[in-house]
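Residues or ranges marked as domain 'HpcH/HpaI aldolase/citrate lyase' by TrEMBL: 9-222. Marked as substrate binding site by TrEMBL: R71, E128. Feature annotation from TrEMBL assigns Mg(2+) binding site to E128, D154.
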Amino acid sequence: MIGQDRPRRSGLFLPASNERALKKARSLAADALILDLEDAVAPEKKHLARDAMIAALTERSSFRPREIVIRANALRTPWGEADLTAIGKAGPDAVLLPKVEAVAEIEAACAVLAHTGNKDLPVWCMIETALGVVNVEAIAFHSRVRGIVMGTSDLGNDLRLRPGRDRAPLLYALGRCVLAARAAGRIVLDGVHLDMDDMEGFLSACQQGRDMGFDGKTLIHPAQIEGANTAFGPSADEIEAAYRVIEAFESARQHGSGLAVLDGRLVENLHVEEARRLLAQADAISDVQARS
Ligand SMILES: CC(C)(COP(=O)(O)OP(=O)(O)OC[C@H]1O[C@@H](n2cnc3c(N)ncnc32)[C@H](O)[C@@H]1OP(=O)(O)O)[C@@H](O)C(=O)NCCC(=O)NCCSC(=O)C[C@H](O)C(=O)O
Ligand SMILES: [Mg+2]
């Protein structure tokens, strides 16, 4: 696993062709910026977006500590090969492949990247079709894949479902993708909430995604960043509870027991692992904040 230690609570999409958004992004508290060359960019602006992406990456230090991920067009489109060639040369933190349905697409993308001399670029895959969900286990376990990102809008369309406010019709696909990503040790990000005026619905979707095990959520507007960072980051109460769990367990170990009881609840090794993971995430967030 590479770079799994950094926070990915919020992954903000922005069209690479949007100069104002690119400028704004340098001041935003998103953990990752996903510069889009795909669906947010009109066909006549694809070249412009690619050039803007290359220019942005020559100034990458101005975006730090944010992770920079570029979403390419698929290789089956007229722009995919040129996108991957430019991305391979520019060297972002990761490339995001859209609408991945089979391992062969990852191999083909990696072959284009390798032609540029970039053989190690982490690959994130969007799962946003029925076939993608069916093949998500093989996709997640591919050795170059580091992240799985849900494309819930395209997926809903492909499945012909109506997500509703509670997203119940999407839950099987979301859960299956979390399962595959966790089994393979990958990052996994939830899909976007398109209604920018519906903050209540957005926050509820963040909580649902957090409860399901997602690392974070993809976003479309700066106003969504704070809610995602709060929902997917540990709260002050959780941090305090984590310290207490570790302390209680270590004290029990010193007295020769493999179990502790804290506030009437059993504490086992797995809870200590969970507490240490939470504290490591809190440290990673503090580190990012200190570098902002
Ligand atoms: C939707 C938007 C076009 C709205 O933009 P705008 O009209 O500029 O909004 P505001 O006036 O409210 O913006 C206020 C300031 O914030 C900046 N801004 C806005 N959006 C972003 C952004 N995403 N990243 C960075 N900065 C942003 C504006 O520039 C204003 O700042 P300033 O200039 O200083 O005043 C726009 O939000 C947008 O384009 N959002 C992203 C859309 C996108 O990328 N969509 C594709 C990804 S989602 C997807 O594809 C779904 C997936 O594949 C699936 O299938 O589910
Ligand atoms: Mg999509």
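Please read every residue number as a count from 1 along the shown chain.
Cβ coordinates are placed from backbone N, Cα and C, and glycine is handled just like the others.
Note that the structure is predicted; figures quoted are calculated from it, not measured.
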Looking only at C-alpha atoms, tell me how far R71 (substrate binding site) is from D154 (Mg(2+) binding site), rounded to the nearest Å.
15
What's the number of neighbouring CB atoms sitting within 10 A of the CB on E128 (substrate binding site)?
24
Helix, strand or coil by DSSP: which one applies to D154 (Mg(2+) binding site)?
helix
Based on a Cβ-to-ligand 1 distance below 6 Å, what subset of the binding-site residues R71, E128, D154 would you report?
E128, D154
The one of R71, D154 whose CB sees the fewest other CB atoms within 10 Å, among these binding-site residues:
D154
To the nearest Å, how far is the Cα of E128 (substrate binding site) from the Cα of D154 (Mg(2+) binding site)?
5
